[in-house]
């Protein structure tokens, strides 16, 4: 007799596990208490990329897409008066699908259960009307009893029977009897409830436009309204319960309770002229429930294991309840498949072997479940006005961030989800790989990340201190006034202005004994790129204008340390934040060449006309600001020219995923321009370094103090700062899982060697080229 799994509960977790086991060739029996496998109870479910990926592996993704119809909903946030705080947009779904390969879709829970059931080839293994009431364990296996007198035997029993799990109760009963102290005492009494929810399905009111998704928030309650297939509407009304209820104090609500709560909110405005009463009066069904939020300490005992809501209950506002159940089913499938592969010839697996296998589910998922429960709770508190941050988030951050607010928080959760290791993964075009598709496992240990951040920030702070930036800032006003006068005088030099002879001993504020033109060229280029990445839109320290002012104010030696601090404190190192709008990507190189390199070369050459030299030196002094302004101007020109190239007939508003900015981001149209920019800057920096070493006059005007030896010129303050900046970028790539540890060490060595051989400016630019190439290469498929 082969290994057999008894699944208790025809839930999302239970039926998903049944599908996984069937495809893995593992025998199973599923017991469902109710007469129907997919009853209609008025519940909906939001399916997200981390759940969809697993459903795709068992061929349930496409059927769900077909059922959902047009799921690109116009989502908006609305205040207590029903007024939109964000413009209705389908952007979240389009961005989610382009980034992960999967959208977010709402369907009836019953529809999902039906798809999962219909997908099974061995439907005879699914047994309705089998309510479990007792479980016995032995060294050879497990015996499950049902209320109708049926008996089922297997090697393992899986509790997928919800928050009020019979399997979990039996597991506790057996565990407490056999191993006192293994389970926490009376853990059920610890389960808290802070929120209650009426959820339901209604016919869509005539005054509510189709294709809408609404999140409405208020003080003490909130709503989620979602357009549903079949001209219907899914809806949720969340309300705080006041003092936290626990265990036996958690109420069980009646129909009268449901009606009473609904009547109290009938006049709540949700959408322009639509009230909650308009939706509730059209209800097909509605249910009021307390929302438990808890992660049980132990999920398994010997041959018994619980998954889904039986092991952890997540607030539905996060959408991770059902998706988390799907994840748990995948993890258990992996553990069983690994166990059977490891002991293929063993007819009767011991209890210890089985328990060690199922313990993997808890070991892998426990901390993720705790995080999801905590984040769901916090989101609910914010949306229902019970958090001190509620007004800040709903009134300010949401309108500013729009869809990015959700995407930036949710995407790390989605991409960290597991898959079924032994099943084929269908290929879907996506910008961002899931964590298990990356070259290396991302580093998530908080202690390691904090130490790395502290060390990196401390290094750049020390370099900033030794750069003399504070001393330079104290004389900044006088120096800038001098160069402004020089520049204005130089402009007027051809007419009536008389200039004093050029004083070769007078050094530009950007003639530093540490930083050459090559160093400033590469650092400004990297700063402009980072400042225009979409992931750094709110990173004030990296904004090009702010950075330009800071670089100019604190002097040349402070440029690289300031950039490094900005990237550490506010920089984005994610793949979805990597993109630079093409108009900026194409403008950066001509901007730094025009605003810095050309005037620096003029200042370095033996030009006889002093007013030209003085004007060039003044431009070099202001180059961080000048380059920033030139980039803005050039990008505006490119955008205007692109607009003129559009055919006159193109008057129809394109769909969201056809917009130029959307297409440019997901087809990575910025990458060729950025790589060309980095390549040119690497070459230019190398050329400037060689010219500086070959022609002392050029080197003297360009920056490097003659008292320093040739090797010291490469390892001045900027040399250390540029290597530190390159190494920090390499570290972030390793911490994100973009490269392996071996490749990170090799890259660090090559970067340092390149800085010695070609100069630190060329080394920094070359490392940036490599970094951009690696990050862009991780995207997959036809976007």
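Cβ atoms here come from the backbone N, Cα and C positions, even for glycine.
Since we're looking at a predicted model, the values are computed, not measured.
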Range annotated as transmembrane segment in TrEMBL, from 697-714, 715-732: 715-732
Range among 568-587, 588-607, 608-627 that TrEMBL annotates as transmembrane segment: 588-607
Overall pLDDT of the domain 'FAD-binding' (255-341), taken as the mean: 96
Helix, strand and coil counts within the domain 'FAD-binding' (255-341) (DSSP): 43 helix, 24 strand, 20 coil
